[in-house]
Amino acid sequence: MTSKLEQKETPQANGAVLPIVPGDCLTSPERGQRVEPADFLGPDGTGVEVVVLESRANAKGVREEDALLENGSQSNESDDTSTDRGPEPASPLKETSFSIGLQVLFPFLLAGFGTVAAGMVLDIVQHWDVFKYVTEVFILVPALLGLKGNLEMTLASRLSTAANIGQMDTPKELWKMITGNMALIQVQATVVGFLASIAAVVFGWIPDGHFSIDHAVLLCASSVATAFIASLVLGMIMIGVIIGSRKMGINPDNVATPIAASLGDLITLALLSGISWGLYKELESKAYVNPLVCAFFISLLPIWIVIAKRNSATREVLYSGWEPVIIAMAISSVGGLILDRTVSDPNFAGMAVFTPVINGVGGNLVAVQASRISTYLHMSGVPGDSPETAPRKCPSPCSTFFSSDVNSRSARVLFLLVVPGHLVFLYTISSMQGGHTTLTLIFIVFYMTAALLQVVILLYIADWMVHWMWGRDLDPDNFSIPYLTALGDLIGTGLLALSFHVLWLIGDRDSDVGD
């Protein structure tokens with residue numbers, strides 16, 4: 001009968017069963033002694049097996065200490081020799097509510113002020129000729145602003161997880177992640193920008209029954225150019241933020257996605273406004289400029305596809321990551337249709353300045369939560385691998401918001417940021433005399449109700465969706481955030497439009513809605 005020698009669990013083991021054959025020799029890592037093959041022979045002279053165990057995180061070739069986050073350092077000096085333990089999270093997040101709030105607060109405020117600036121820009125450009133005569137541009141606004149959720153926030157979440165589990169520690173690994181991911185988001189941005197323009201044309205044509213080929217080409221050129229340039233700029237910023245946060249000992253999950261949003265809305269909306277205005281001016285004298293712009297950016301697609309395909313880190317996403325970004329774009333476009341129909345009514349023109357703010361805040365907070373849950377799950381293994389992280393068919397609100405789990409704690413912290421954050425942003429808008437609405441008490445009550453309801457729904461959906469995707473062998477870093485931010489755009493725009501309609505119906509004349 002073959003005997004077995006079980007080696008004490010070590011961080012360097014590989015979870016493999018290694019047969020010892022004659023001619024092999026081992027060195028004991030604990031005693032520094034050389035062990036000969038004869039020491040591993042059973043009574044009948046047959047070879048024995050050495051069972052070597054390792055935690056899941058290290059099975060992926062990751063140093064355990066790289067997986068620990070800020071305030072979450074843990075001891076690896078355990079002498080536990082048990083070999084039949086079930087799979088557990090290798091490095092549970094041990095952040096306090098205070099540390100989570102402290103790390104999230106600054107990027108959250110920065111992101112909020114970015115959305116305020118975007119709202120002020122939208123409030124100004126809505127009176128430009130291109131927005132007046134090609135109103136379908138309004139449909140592009142949530143779809144293109146949603147790219148920060150479809151692409152940049154997904155990129156930030158993906159790179160944050162890679163940084164936290166040690167996949168960006170060497171210059172070679174870092175460069176590989178940068179080139180592959182930058183090429184990937186250029187492919188996605190170009191395709192999604194093109195599809196968003198088609199959705200805008202369709203959604204604009206169905207209610208009115210009017211179609212203009214010149215306007216359709218203008219929308220395509222504006223959308224593709226905006227998506228490409230914005231994703232290029234924001235992708236580079238994201239990489240710098242994640243690398244810098246790791247060097248400073250800050251959890252990238254807490255800061256990367258809000259910073260992506262802080263500049264994302266403003267840059268994207270400014271580019272969309274400027275590009276569409278410039279191309280609209282060229283329609284009369286140089287009609288060929290619009291199709292040339294479309295052709296130029298689409299012709300670059302094969303280059304980005306080849307680069308992303310050659311990189312193993314992005315090859316899978318290149319093939320399988322289209323469903324979430326396309327569906328998310330369609331969801332955001334529905335929100336854009338609501339915005340188009342509401343802002344086009346002079347009674348609700350003041351809604352334009354608040355739409356990027358409420359959508360941006362909700363999307364930022366749920367992206368942080370989804371990124372944190374995804375990183376937590378990645379520390380326990382690979383998608384669909386751990387029984388403890390099986391999908392919850394119907395999580396209760398108590399487990400989402402009131403349990404002792406670290407993800408429940410972060411949900412409470414993020415929810416508590418909604419009211420003070422929005423009060424600061426509303427005051428900023430009022431002090432800058434933005435919009436067409438005076439901040440009365442009843443307006444603030446309706447606005448805050450819409451904002452709180454939006455965030456509660458999003459955090460609850462995130463708790464279910466990330467675990468559900470994990471149980472379906474899908475990486476939440478690539479699939480969850482596009483859906484969540486798109487739902488944030490739709491829910492936020494819908495609730496805000498409803499609030500404005502109710503305010504108008506009950507006659508809140510003091511708020512000057514529509515003036």
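Heads up, the Cβ atoms here are built off N, Cα and C, so glycines get one too.
Quantities reported herein were computed from a predicted structural model and do not represent experimental measurements.
Feature list (source: TrEMBL):
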- 141-275: domain 'SLC41A/MgtE integral membrane' (DOMAIN)
- 355-498: domain 'SLC41A/MgtE integral membrane' (DOMAIN)
- 1-41: region 'Disordered' (REGION)
- 60-94: region 'Disordered' (REGION)
- 104-124: transmembrane segment (TRANSMEM)
- 182-204: transmembrane segment (TRANSMEM)
- 216-243: transmembrane segment (TRANSMEM)
- 255-275: transmembrane segment (TRANSMEM)
- 287-307: transmembrane segment (TRANSMEM)
- 319-339: transmembrane segment (TRANSMEM)
- 411-429: transmembrane segment (TRANSMEM)
- 441-461: transmembrane segment (TRANSMEM)
- 481-506: transmembrane segment (TRANSMEM)
How does the domain 'SLC41A/MgtE integral membrane' (141-275) divide up by DSSP, counting helix, then strand, then coil residues?
120 helix, 0 strand, 15 coil
With contact taken as 3 or more Cβ pairs under 8 angstroms (pairs 6 or more apart in sequence), are the transmembrane segment (319-339) and the transmembrane segment (441-461) in contact?
no
Recorded stretch that, among 104-124, 182-204, 287-307, 411-429, 481-506, has the most CB pairs under 8 Å to the transmembrane segment (441-461):
481-506
Quickly jot the same-chain residues contacting the transmembrane segment (182-204) by Cβ under 8 Å, restricted to those at least six beyond its ends, or write none.
135-137, 139-140, 143-144, 147, 150-152, 155, 211, 215-216, 219-220, 222-228, 230-232, 235-236, 239, 294, 297-298, 300-301, 304-305, 307-308, 311, 314, 317-318, 321-322, 325-326, 329-330, 333-334, 336-337, 340
Just give the helix, strand and coil counts over the domain 'SLC41A/MgtE integral membrane' (355-498), going by DSSP.
111 helix, 0 strand, 33 coil
